[in-house]
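**Student:** As listed in TrEMBL for this protein:
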type	residues	note
DOMAIN	5-43	domain 'Sphingolipid delta4-desaturase N-terminal'
TRANSMEM	43-61	transmembrane segment
TRANSMEM	68-88	transmembrane segment
TRANSMEM	160-176	transmembrane segment
TRANSMEM	188-205	transmembrane segment
TRANSMEM	211-231	transmembrane segment
Amino acid sequence: MGNTVTRDDFEWVYTEQPHCSRRKMILAKHPEIKSLMGPDPQLKWVVTAMVLTQLLCCFLVKDLSWKWLFFWAYAFGGCINHSLTLAIHDISHNVPFGNKDALRNRLFGIFANLPIGVPYSISFKKYHVDHHRYLGGHGLDVDVPTTLEARLFSSPARKILWIILQPFFYALRPLVVNPKPLSRLEVLNAAVQLAFDAVIVWLWGPKPLVYLVAGSILCMGLHPISGHFIAEHYMYLTGIETYSYYGPLNYITFNVGYHMEHHDFPSIPGSRLPQVKKMAPEFYDNLPQHDSWTRVLWDFVFCDSLGPYSRVKRNFPLAKEE
């Protein structure tokens, strides 16, 4: 089914990641952007409403047939859960309560994690710091696929399978690429999540829990929203390692599509990223950008020049030797 990808290695570069220098240039010309930095208290109310919506759905799906349960998990519940993972992304940047109250942010992340069904929030925070600091860093940025992934998933059929399995690769890749000690907050995250799952099963049986977990897995796999995983940093043009998307799916994904803006200014909440583009249009309007996450997935699968190897990589002094 189709040809294999033509790349046989990552795009190795010997320059620093571009966003630090871009940040300095943009702030030098537009210091008013600093006014956008700081917490966004509205996020906690939006997230709370989403968690409560999923709790209501748990009650509503308890007597559904399995066919309709999986339908609604993919079409509705999974969309909310995927959106919650992106809320957790904002929470990892201390958006709800600000940088001075890190613990409350971590605890709120555990709360936002509940409908996802598996513990995720604290571990995501631990590794996401490295993604910003060491973008594309060999042995440091676990967002970059492993060489084994790139070699195995090289044909259209295999790339489709790789997209479907994305949730598992994102969960397991850090343990291989950059293992870190388990923290107390991760243990707390797991304990709270397991207790929540047990209560759900005790109250309404196994179907609501299947609805939650299946929705998380399905909508982080082959689903239009999951196009952002590939759109953000996969190299659709040689040497360009970060791309933005300005389409309507930003409304349900906390503006994660504004990804160039986010990496330029990770301390600005997702809700204010569109204002960054408006304040400094000369730094964004002419950059390559995606106009459809569905098209991103299609091109990734069927274009011979695209695959898991289509990532910029660089060595940092802290990277571990293989």
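Using N, Cα and C of the backbone, Cβ positions are placed for all residues, glycine too.
Bear in mind that TrEMBL entries carry predicted annotations, made automatically and left uncurated.
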**Student:** Could you tell me what the rest of the chain brings near the transmembrane segment (188-205), counting residues at least six beyond its ends with Cβ under 8 Å?
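**Tutor:** Counting only partners 6 or more residues beyond its ends, the transmembrane segment (188-205) has Cβ contacts under 8 Å with 58-59, 62, 109-110, 113-114, 117-123, 212.
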**Student:** With a Cβ cut-off under 8 Å, give me the same-chain residues at least six positions beyond the ends of the transmembrane segment (211-231) that come close to it.
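**Tutor:** Residues 54, 57-58, 61, 69-70, 72-74, 76-83, 85, 115-118, 160, 163-167, 170, 200, 243, 245, 249, 252-253, 256-257, 259, 290, 292-297, 300.
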**Student:** Residue counts in helix (H, G, I), strand (E, B) and coil for the domain 'Sphingolipid delta4-desaturase N-terminal' (5-43), per DSSP?
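**Tutor:** DSSP classes over the domain 'Sphingolipid delta4-desaturase N-terminal' (5-43) add up to 19 helix, 2 strand, 18 coil.
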